[in-house]
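Q: Relevant sequence annotations retrieved from TrEMBL are reproduced here:
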DOMAIN    B:121-203  domain 'S1 motif'
REPEAT    B:301-334  repeat 'TPR'
REPEAT    B:335-368  repeat 'TPR'
REGION    B:458-742  region 'Disordered'
COMPBIAS  B:470-492  compositional bias 'Low complexity'
COMPBIAS  B:532-541  compositional bias 'Polar residues'
COMPBIAS  B:542-567  compositional bias 'Basic and acidic residues'
COMPBIAS  B:575-589  compositional bias 'Basic and acidic residues'
COMPBIAS  B:590-601  compositional bias 'Polar residues'
COMPBIAS  B:602-646  compositional bias 'Basic and acidic residues'
COMPBIAS  B:653-671  compositional bias 'Polar residues'
COMPBIAS  B:682-691  compositional bias 'Polar residues'
COMPBIAS  B:692-714  compositional bias 'Basic and acidic residues'
COMPBIAS  B:729-742  compositional bias 'Polar residues'
Amino acid sequence: MEPTVLQEGSQIPPDAKTHFKVCRFIMEAGVKLGLRSIPIATACTIYHRFFMEMPLESYDPYLVALAALYLAGKVEEQHLRTRDIINVSHRYMHPRSDPLELDTHFWELRDSIVQCELLMLRVLCFRVSFQHPHKYLLHYLLSLKHWMNRHSWDRTPVAVAAWALLRDSYHRPLCLQHAPQHIAVSVLYLALQCYGVEVPADTEAERPWWQVFSEDLSKSIIDRIVLDLIQIYTLDTEIS
Amino acid sequence: MERDLLRQALGFHGPALLSLLRTEQHDNPDFRGLLPPGGPGLETLPPARKDRGIDNVEIQNFIAKKADLLFSHSWKTNVPTITEADEENEDYYAIMPPLEQFMDVPSAERRELFFRDIERGDIVIGRISSIREFGFFMVLFCLRSGVIREIADLEITALCPLRDVPSHSSHGDPLSYYQTGDLIQAAIKDIDRYHEKLTVSLHSSALSPSLASTKLGVISSEDLPLHYRRSVEISSGLETYEKVLQHSLGFANPAVVEFLVGKLGLSESSPPSLMRRLQSQNFHEEDFATALRKKQSASWALKCVKIGVDYFKEGRHVDAMNEYNKALEIDAQNVEALVARGALYATKGSLNKAIDDFEIALENCPTHRNARKYLCQTLVERGGQLEEEEKLLNAESYYKKALNIDETFQEAEDALLKLRKQMQKSLEMREKQAAKEERQKEKKIETSVEKLRKLLKEEKRLKKKRKRSTSSSSSSCDSSSDESTSSSSSSSSDHKKRKKRDRSRSESSRSSKHTPKSSLNQSRKDDCYSPPANTSASFLNQKHEMEKLLERQDRLAYQKPEARDRYYSLPRTSLYEEDHGGRSEDSRDSYSSAKTQANSNKTEKQGKVDRIFFDRRESTGPCRRKSDDKNKTQYSGKLEKDGGRKEQHRKYSPSQTKYSTSPTGSDYSTKSVEHYKRYTSRWINESSRYSADNRPELAQSKREREPRSRERDPAQTQEVDEEAALNGKEQSGSGARKNLPQNLLNIFNQIAEFEREKGSKQKNQ
């Protein structure tokens with residue numbers, strides 16, 4: 001996926017807040033469904049891809065989110081049962097309510113999820129497998145870990161912060177706008193910055209560490225992605 | 001908040017971040033606690049090392065806002081101290097050469113960093129450069145554990161002193177084992193960071209505990225770590241990190257993320273997030289899918305149980321069972337379903353299954369009152385069953401179990417006390433029984449002798465009567481034929497004919513005897529066995545007819561011989577009762593099965609009878625004139641068929657013990673016992689009355705007619721009606737049993753009680 005032309009940080013599309021909320025729902029439901037990071041990321045990506053093709057007005061975003069979760073479970077080989085998806089989302093929409101009875105209403109909900117899944121597949125032309133930054137990030141972390149002093153590494157939760165940043169990044173369609181390596185490097189960069197961790201001998205080296213991980217990456221790209229990431233958190237405070 | 005971490009960040013970003021933090025986190029008591037009221041605190045900061053970028057302000061803002069999460073203790077604990085004990089496996093993830101190799105870090109920095117980061121217990125690999133008397137020197141070129149660095153070009157030497165070289169043989173210099181150029185894997189023992197001197201050891205005690213199993217000493221080039229071989233491979237070319245990564249086998253592993261997440265100590269079950277609302281530790285446990293599903297399943301199962309209970313109330317036990325099983329399929333541990341199914345099992349008589357269900361239910365919910373109550377009741381009932389099966393010890397254990405569950409359960413206590421008394425008695429009983437059996441044997445011999453005597457008397461009397469009976473019998477026949485539902489009018493000639501035929505085909509021993517004798521045989525045979533003998537159904541029919549006939553005989557008052565004839569058969573029938581009564585007591589299940597068998601037998605029988613009736617009608621149609629004769633021949637034919645079997649019975653009849661073991665004996669279903677019971681009791685009364693009467697003349701003709709009419713009866717519609725009536729009664733009876741098992745149990749108990757009394761009475765006679 002080639003990075004598309006970046007929007008400036010200040011410009012937030014009008015539907016962004018809705019999508020943000022729905023993505024928040026996907027992530028929360030994903031955790032409650034016991035989904036791993038990759039399927040959740042795929043679900044969010046499917047959701048973003050769908051609404052890149054389709055206008056928000058025509059579809060119920062939450063139904064699309066449910067179908068995206070269901071489809072992502074299939075794509076990433078962590079199959080979910082629609083019953084669980086419906087239960088968790090019903091509880092999300094109606095906190096502290098009892099789970100739905102398994103009546104016709106329930107089966108209608110289930111059918112609509114399955115139908116929506118088929119629709120999404122057609123809209124996405126069956127391209128539902130994505131390259132996620134996760135495994136890049138993990139390998140970068142591993143390489144960096146060996147280069148860093150082990151005590152400072154153990155003391156600093158860089159890996160956790162980077163992982164959290166990466167997961168949170170799926171609130172916005174960053175993954176569709178940037179190469180996975182770039183996102184991985186950027187979240188790592190931001191995590192290191194947060195803790196004030198410097199990569200040893202970075203200044204003396206021929207190439208900075210982030211250039212090693214991705215040849216076509218530039219400092220400006222990292223800066224932009226970092227700004228995008230920070231903007232997600234700004235949006236979060238705005239909404240909640 | 002982590003003070004050290006915060007200091008580190010502040011040291012990096014400078015005082016600007018601190019002021020931001022002050023504004024953003026001033027509400028956070030945790031942060032304020034970190035700010036010292038004076039002295040060395042966060043205030044004493046070195047100036048920011050980082051040159052300011054455009055984004056730096058944004059990042060600092062971000063840090064300031066998220067400081068409570070970024071520097072929280074919970075994140076800190078997420079990072080475990082990772083040990084490198086696990087062997088590197090190319091299949092799991094991409095093993096990359098050291099990062100600095102791609103960064104092209106100058107050797108001076110690398111050397112400095114190496115001596116900064118190397119630690120005791122790390123495993124190094126080098127080549128022996130020189131061997132001295134105090135040890136050997138090796139040049140290190142790669143590291144196996146701890147930090148992975150590129151050191152091949154750094155010419156770092158390490159000394160392995162003699163005392164750290166294990167001796168391989170009992171004598172000689174341990175160093176003689178090693179040669180210059182050997183590849184040696186050793187553990188770092190001592191580091192002089194200032195003079196950059198290393199001491200290594202070949203003793204595994206120098207290793208860190210997690211790596212204790214690593215083999216130290218000479219290794220081959222195949223044993224070199226993967227990352228080193230990788231770095232050698234790429235050092236020649238200009239391969240980038242990205243390309244090596246992409247081409248690595250482990251990178252394509254679908255589970256690489258899962259594996260590395262574990263390796264890096266990241267949690268997938270409670271994933272980290274910098275969003276406050278996505279903090280997974282704030283999620284409610286009951287909102288998770290598994291909890292919701294469980295709740296939903298439980299309510300669904302409960303619904304099924306309710307439907308099942310409704311079915312049960314309607315008497316649709318199979319449907320109810322299906323619903324219960326469905327409920328348990330949905331929620332295997334559903335207590336209500338288990339209790340309901342247990343109750344159904346108990347009502348169906350499968351007490352052991354019921355007990356199992358109740359026990360599982362109680363395991364899952366030890367406070368369930370119904371489960372406890374039902375389990376106690378079922379245990380006591382099962383104990384009662386076992387008691388009847390004479391398994392007193394087992395029964396006792398069941399009662400005790402019930403008492404263990406509920407100490408206040410009165411029924412169990414009573415039953416247990418009763419059982420203990422019974423157990424005491426049982427020994428005495430056994431002795432008594434043995435004595436009784438002895439006595440009985442003697443008695444039996446006696447009775448058979450008496451019987452023979454009586455038979456002989458009877459024969460003589462009959463012989464006398466036969467001589468003058470021809471005229472009287474024909475007249476009496478005319479009068480009685482109207483009463484009889486059979487269409488036939490019997491005549492003495494017919495009778496004789498039949499007798500003759502009978503005699504002619506009878507066994508040689510019998511044929512030699514007189515006619516009257518054979519007639520007696522015939523009549524006795526008829527009396528005891530209706531034509532299609534050997535089935536319970538036929539027995540029932542016979543008894544019904546008998547009842548009718550007896551009533552008729554009440555009206556006609558000349559039944560003595562007939563009655564006496566019957567009387568002979570009495571001991572035998574009572575014996576059956578004892579036999580079968582005992583069996584029916586064994587278990588209710590076997591009883592009911594026997595009963596259904598009897599039912600089916602009977603319906604079969606009815607069909608057969610119908611068919612026979614039809615056949616006869618057709619065959620008699622063309623030759624109506626001689627219908628009587630025809631009928632008789634038919635009957636004699638039938639008798640012929642059954643003759644063999646009857647003869648057998650006759651043989652058995654004198655010895656009653658034999659008889660009870662004969663196949664026919666077992667054919668009599670327990671159901672028929674009930675009927676037997678009623679009739680026998682009647683006969684006793686009537687026979688005593690009959691014996692008072694003395695009308696030998698009329699009795700003769702009656703006796704002749706009697707068997708025939710009864711014999712023919714099955715072929716008649718009346719017979720069929722009676723059959724149907726009986727069946728109806730039977731069915732309604734079984735239906736009632738289903739609905740009212742308790743009532744029937746009572747009835748059975750009464751029957752059993754009655755039979756026992758009867759049996760003893762008979763014996764006493």
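Here, residue 1 is simply the first one shown, and the rest follow in order.
Each Cβ is built from the backbone N, Cα and C atoms, and glycine gets one as well.
Bear in mind that TrEMBL entries carry predicted annotations, made automatically and left uncurated.
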Q: Using Cβ atoms and a strict cutoff of less than 8 Å, what residues sit near the repeat 'TPR' (B:335-368) while being 6 or more residues removed from its termini?
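A: Same-chain residues near the repeat 'TPR' (B:335-368) but 6 or more away: 301-302, 304-305, 308-309, 312, 317, 320-321, 324-325, 327-328, 374-375, 377-379, 381-382, 385, 405, 588-589, 741.
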Q: With DSSP as the reference, give the number of residues of the domain 'S1 motif' (B:121-203) in helix, strand and coil.
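A: Taking each residue of the domain 'S1 motif' (B:121-203) in turn, the totals are 7 helix, 40 strand, 36 coil.
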Q: What mean pLDDT score does the repeat 'TPR' (B:301-334) have in the model?
A: 89
Q: How many of the residues that make up the repeat 'TPR' (B:301-334) does DSSP mark as helix, as strand and as coil?
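A: Helix, strand, coil within the repeat 'TPR' (B:301-334): 28 helix, 0 strand, 6 coil.
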